[in-house]
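Novice: Sending over a structure as structure tokens; questions will come in a sec.
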Ligand SMILES: CC(=O)N[C@H]1[C@@H](OP(=O)(O)OP(=O)(O)OC[C@H]2O[C@@H](n3ccc(=O)[nH]c3=O)[C@H](O)[C@@H]2O)O[C@H](CO)[C@@H](O)[C@@H]1O[C@H](C)C(=O)N[C@@H](C)C(=O)N[C@H](CCC(=O)O)C(=O)O
Ligand SMILES: Nc1ncnc2c1ncn2[C@@H]1O[C@H](COP(=O)(O)OP(=O)(O)OP(=O)(O)O)[C@@H](O)[C@H]1O
Ligand SMILES: N[C@H](CCC[C@H](N)C(=O)O)C(=O)O
Ligand SMILES: [Mg+2]
């Protein structure tokens, strides 16, 4: 394809100005190390490096043109644009040229993986070939691939979407992380609908303020979702009104769900040990909905998912009935085992304040004994959340065990001490396997154990190395050891 053709209307003029419109393009890359002959190199300024420094290397490896945000010295044409990351995403979409026909994206601080999974499950129940893309990887009729980024970079993303389309997948739900939105990773995806769950503290190391964080999330509505398309918004969050305002301002069809929702209105919820029954009103009809998952927050996720499924053609009756068979996403308040005396052990991915608060509150109604929590905070990530999570655990759990969770380049004991400062009665056990053993050893009748922070993860990253580690396995091992 010619670069002029990949540029589209938005970047056509700049490409023409560079004299590169007729350059034949064989591939795109933002990494000089991966450039091959015929590639267009996008020189991106990142958090660690500046791609401009690698232009010479890219050209040496065969780059036929460079896209950058400022003038550069190069022996090939240089296209100067304001937003090279957006150009990369749109060009990747055009170069691949196909994606599952119906795609939705969901954003929010918590619940994205769950909503992507539930939406896929509802579509599948409705007979569609459906996929989900996000933190836990890619799940489709033919795949169950472990993932890394929540929102893949545009080249990986569009290659994947092309493959899914070739495999016959017609429906896909993807997670839009704030990093992904801010870095235009999904700008090239054609969306049929989009969802918002909630906003809470996270990634304050990346976004300067909560308003900036919210603005990144709202790119989903103000830049990516085509005007007039359905925006499904959870109505009961502190930031819901702001999201509704933003979606309305863009001319979308706003569909709110939740207690304050008018598209799917939640009227009543009864909590049981392993399930919840909700009364939901839609378009004048009343539905009794059985959700086989614990946790109030799963109702919110289920409603956003049903809203997205209905907005993409599933009948309301089928969508709400499908909720009866939902399986939780791996490691999201997942019941991993129980003691012979019936005390429950869960693995959960809460690694940010609101999520931890929600999870600890969610298990209280069915916990007749004590709530025991084992958790830590990641290194090289928002340090401000450490004392906040410590305070939440000491307020909402009866026993708190503070341990390590991917310390990365930081000193693990320092991370723990920042959590412990707000958890005066916390027990500190750095070794995560030992911390889980200690938690399991304490369990007696009526207690609930929550091992939080890693969810589906399969490794513990210490320094630059990731060692195999699974909360699921450690919980199971400890249950075997202590509960004979
Ligand atoms: C902070 C961040 O988000 N970084 C992402 C970003 O990298 P970057 O552009 O900042 O990269 P950089 O290292 O500064 O390099 C700048 C440019 O120079 C290029 N380069 C560099 C070296 C070289 O020799 N040659 C060369 O061309 C790089 O390829 C890059 O294009 O763009 C890359 C490509 O899309 C991402 O892989 C990378 O994600 C890193 C690995 C990451 O850890 N991201 C996390 C924080 C993240 O994105 N998380 C979110 C949210 C999770 C959640 O919600 O909890 C996610 O979506 O997963
Ligand atoms: N709607 C919700 N409201 C509050 N907390 C939630 C909600 N949904 C999930 N959680 C909590 O957040 C954790 C992560 O859930 P999930 O993976 O679905 O969210 P996510 O937005 O994909 O998170 P991440 O950005 O880390 O990938 C869960 O394990 C649970 O503790
Ligand atoms: N996507 C999140 C996951 C955090 C999970 C937690 N286990 C940690 O390592 O902090 C991040 O990279 O910030
Ligand atoms: Mg996720």
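Cβ atoms here come from the backbone N, Cα and C positions, even for glycine.
TrEMBL: automatically predicted annotations, no manual curation.
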Novice: According to TrEMBL, motif 'Meso-diaminopimelate recognition motif' applies to one of these ranges: 401-404, 405-408, 409-412, 413-416. Which one is it?
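Specialist: The listed stretch tagged motif 'Meso-diaminopimelate recognition motif' in TrEMBL is 405-408.
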Novice: Besides 405, 406, 407, 408, 453, 457, which of 370, 381, 437, 476 does TrEMBL list for that meso-2,6-diaminopimelate site?
Specialist: 381
Novice: Cβ under 6 Å from ligand 3: which of the recorded positions 108, 111, 114, 217, 407, 408 qualify?
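Specialist: Within range of ligand 3: none.
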Novice: From 111, 405, 406, which binding-site residues have a C-beta atom under 6 Å away from some atom of ligand 4?
Specialist: none
Novice: Restricting to the same chain and to residues at least six past its boundaries, which positions have a Cβ under 8 Å from a Cβ of the motif 'Meso-diaminopimelate recognition motif' (405-408)?
Specialist: 351, 375-381, 415, 432, 453-454, 457, 460-463
Novice: So, three-state DSSP: helix, strand or coil for residue 217 (N6-carboxylysine)?
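Specialist: Where residue 217 (N6-carboxylysine) sits, the three-state DSSP reduction gives helix.
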Novice: List the residues in the vicinity of the ATP site, defined as same-chain residues other than 108, 109, 110, 111, 112, 113, 114 with C-beta within 8 angstroms of the site's C-beta centre.
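Specialist: So the extra residues in range turn out to be 106, 115, 175, 197, 198, 301.
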